[in-house]
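Here's the structure, in structure tokens; my notes come after.
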Amino acid sequence: MISWPYRNLPSLARAVRSAWRAGRYICVNCELRCVIQGRQLLGGNVVRQPRIQFRPQQIFGRDGARGYATINNDIDSELAERIDRIPISRYRNFSIVAHVDHGKSTLSDRLLELTETIPRGSVGQFLDRLDVERERGITVKAQTCTMIYEYNGEDYLLHLVDTPGHVDFRAEVSRSYATCGGALLLIDASQGVQAQTVANFFLAYSLGLELIPIINKIDLDHSNIPRALEQIETMFELDSDTAIPVSAKHGTNVDKILPAVVERIPSPANSIEKPLRCLLVDSWFDTYLGVILLISVVDGVLKRGDKVISAHSRKRYEVKDVGIFHPDRKPMSHLKSGQVGYAVLGMKEISEALVGDTIMHSGNEVEALPGFEEPQPMVFFGAFPADGIEFQTLDERINQLVLNDRSVSIQRENSNALGQGWRIGFLGTLHASVFQDRLQKEYGASLIITAPTVPYKVLWKDGSETMIRNPDDFPDPAVQKTKVKDLQEPFVKAIISFPQEYLGDVIEICENNRGTQVDMTFLSQGNQVLLQYLIPTSHLVDDFFGKLKGLTKGYATLDYEDAGYQSAQLVKMQLLVNGNSVDALAQVMHRSLAEKRGREWVKRFKKFLRAQLFETVIQAAIGSKILARETIAARRKDVLAKLHASDITRRQKLLRNQKEGKKNLRMIGKVTIPQEAYQGFLSRTEPN
């Protein structure tokens, strides 16, 4: 045991670090925030200056999302006892789901304040913990929090999940449903039902969740509450009388939500008497604790020191720590049936934590839980170091980010033009943009990102099939004729919501992107249209949503779901510079688009290349067939500048020698394409 009088945080950090290294633990940086025996130390100010005692059983953790360290010296016995007194019949697990920017995070803040989980007037959007979430005003990662709510003189344990609203992160919503018995279906009174609202409703309905409709932003001058109420009845067949109109920003009527949650959402149908079964919902990597698991305890009790086994990997672990989020990590002695919290099992690799896995007691194994599918990347980018960054350094930084984003797939690749790089798979273009922003802001590293590609399927005549994620792997025309049976591309079912006045324009953009109309519904009140189209995924990732927003002045909303693969006439188009292929710019596309896009490519790439001492030819080609060509004339030296009154034959001889020299130079000369040319061409910006 070590006794240390508190003076300042750095000295405390040094003392604790020394103690824990001796005990084979690593102490975190304690300079920003420490929580010691329930006393809060902030920025060097202490409520009291106690002599602080540390034991080897203490748990050192770090809340990396908020950027401060915590020392969990002891379990909060008062909180633990209060939770233990609550029976499972008074547990309520629910999530908030809505379209992007309908006010989910703001409503979460009001609920946390109402239950005194956080103090009133805390930083806005408390559960949005990533910098990129705060800057963009969107939720990227589903966040959880346990609240204690007193209703009719009895304590209720509420578990809240704040989910993302953007379609790229829909897998986070489906995972959160696995831990919930109901959901708050949030609708913006000023915009009404939108595409993601519809998708979230049908997903929750298919899982049998109890839905409570909430109409938000009633304080806005242009809010239309009657329209939202009618849409709830006509589209979702929910009783509009049960809807709760609120203003999350001002807190109006928010106090009516939690009583509705208690009364209408059922308690978990689990048993504490049955053998342990925990559903692994999510996981992330902590530098000091290793892999931290977010688990839902379906049956039984999980305690510190328990020996457990993974149903998937069959690996055995010892439970190092368990606890809840209230709102930050709070250690507990155990988690029991119906609770959702975190567990530290001593996993060293994030790959050991398979989302949907079942954790059981070792020696008392039972049937595994159904689990759920991992999200599969649907758009792939080539990524290469920019600005002279070393490959190895950037590789380490990318892998650090991938540790906490399971939906990103990564493998190394080589480009003749850009050198060593990676082929990275994302859930969508926004997901890729967020990843790039985090890499830039958190590590100061920049990437050259190639054009997005989607996975294509090649069916061979021998009955096998191959997924093509890199254009370099696409079969050549000669191979296609002899060995390929069929080429297929992925499609999505897009659900688009927009005002009626833009109907013609939206149909036109869908048809121009090779879409096939599936359904069209005119929503009552508000002049809204819900349009469903089958669209190739390759067109969707090519800034389809950006074009749609521009066309409808920002009023359109988009949701989509996988619609499988369909046969298509696919080709690989390459850009040639003096006959040499630029592999980083190759792209697979439909044959009908090749000629038009080829002409655009060569004209655009010409703007970013400098003139050489010899003629430079830029071509777009499919195999050996040239589709388009642009030529950059050679820079010419005036060899006649020094001649004045010379004979004409002398002039002709000098010009002839210059012509021969340029011809020879073109044969041996090599065009060096600067990185700025790739960046400019791929970013779609116009050169200065």
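Backbone N, Cα and C define each Cβ position, glycine as well.
Neighbour density for Thr163 (GTP binding site): within 10 A of its CB lie 27 other CB atoms from the protein chains shown. The feature GTP binding site is assigned by TrEMBL to 98-105, 162-166, 216-219.
On the 0 to 100 pLDDT scale, the domain 'Tr-type G' (89-269) averages 82 in this prediction. Feature annotation from TrEMBL assigns domain 'Tr-type G' to 89-269.
Ranking the binding-site residues Ala98, Ile218 by other CB atoms within 10 A of the CB puts Ile218 at the bottom. Counting Cβ atoms from all protein chains shown, Asp101 (GTP binding site) has 17 others lying within 10 Å of its own Cβ.
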